[in-house]
Amino acid sequence: MDSTSKANPTTKEHSHVKEDSVSDGEGEGEGEGEGLTMSVRTEAPAHYELEIQSFPFLLEILKDSGLHRYESSVFEAGGCKWRLILQLEKEKETSEDEYLCLYLENMENRQQGEIDALLNFFVSPGRHMYISIQDGKVRRFTAEKKEWGIGRISSLKELLGILQLMNENACRFGVEVFVLKSEGKGECFSTQFDHFVWKIPNFSSHLPEQIRIPDLFSPEFAIGGYKWKLRLYPKGIPKVKEEYLSIYLYLHDTANIPSGTKMHVELKLRIVDQYGACASDSAQTQKTCNAWFNREKSSWGFPYFIKLEHLKQRKGLLVDDHLIVAAEFASLNIIKDLPKIPL
């Protein structure tokens, strides 16, 4: 028997577990075994293991002394102090059948605050075999509620029968405690839909051979809570050799965008037919893109958007020397870090 653990008299606080409880020291009215997941593994419990070298002898001691529980030494897991408890219970006061229950008690002297944890209990009636039992529920330990566990995990008769069959006296018990602590890490995915229309007057003034105006910026517009601009090269970027008009979408003011924020844009850029005609050559007047934006990658666009020759010849694109560019956001998906939740 573990020399550092001890059998303690049953205190008033722990003296009673309601019938049909399988999940906590005070009972929740669940049926036996309801919602439990059991599996077998060879790995020992990661956080605490209690070996009773003569389990039948321990039961005799508990019965002869009128005690109903065995309390382990205090151990630490997840930055908190705990104690594993083996408790004997009867299904009914008049019943002779006794059951083994496993509970975990929080030993922190906290009058305020809460500890949320996932619990995984273990029973090992043989060497190199651990039966893992859990219900997958997050248990909240408080100053008023310090004990959670699984009631009637096994009948003593069945457990002793297994030990006898395996010619074993020793039985091991264990627990893994996974304390849930928010580190404020995560991300939020949201979607926005919107559009922007940019009217450019006196467009031809940017096209004479002797004038080279590198680019034009649209007024700033906001979509999804972020600032954007369109950037238009009237005679194209250098690689198109002044044969095409080039258009780009720019994410503006990137210095104020957090490093963990990124945006996926489904965008249609088009030059508006001001006569409202349904053009058969719409492929030449509109382009679609799927692009990612962040503080390091702030632009995406089309160097070969439309031939300048086609722009001049096609009726409805330049009307009274006005060019209209529309940016239609089919979707703007924003991924950003979740704000840290104060503990």
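Even glycines carry a Cβ here, placed using N, Cα and C.
On a predicted model such as this, the values are computed, not experimentally measured, just so you know.
Noted in TrEMBL for the protein shown:
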COMPBIAS  1-10  compositional bias 'Polar residues'
COMPBIAS  11-21  compositional bias 'Basic and acidic residues'
COMPBIAS  22-33  compositional bias 'Acidic residues'
DOMAIN    45-177  domain 'MATH'
DOMAIN    193-329  domain 'MATH'
REGION    1-35  region 'Disordered'
Averaged pLDDT score, the domain 'MATH' (193-329):
87
Work out, from DSSP, the number of helix, strand and coil residues along the domain 'MATH' (193-329).
19 helix, 65 strand, 53 coil
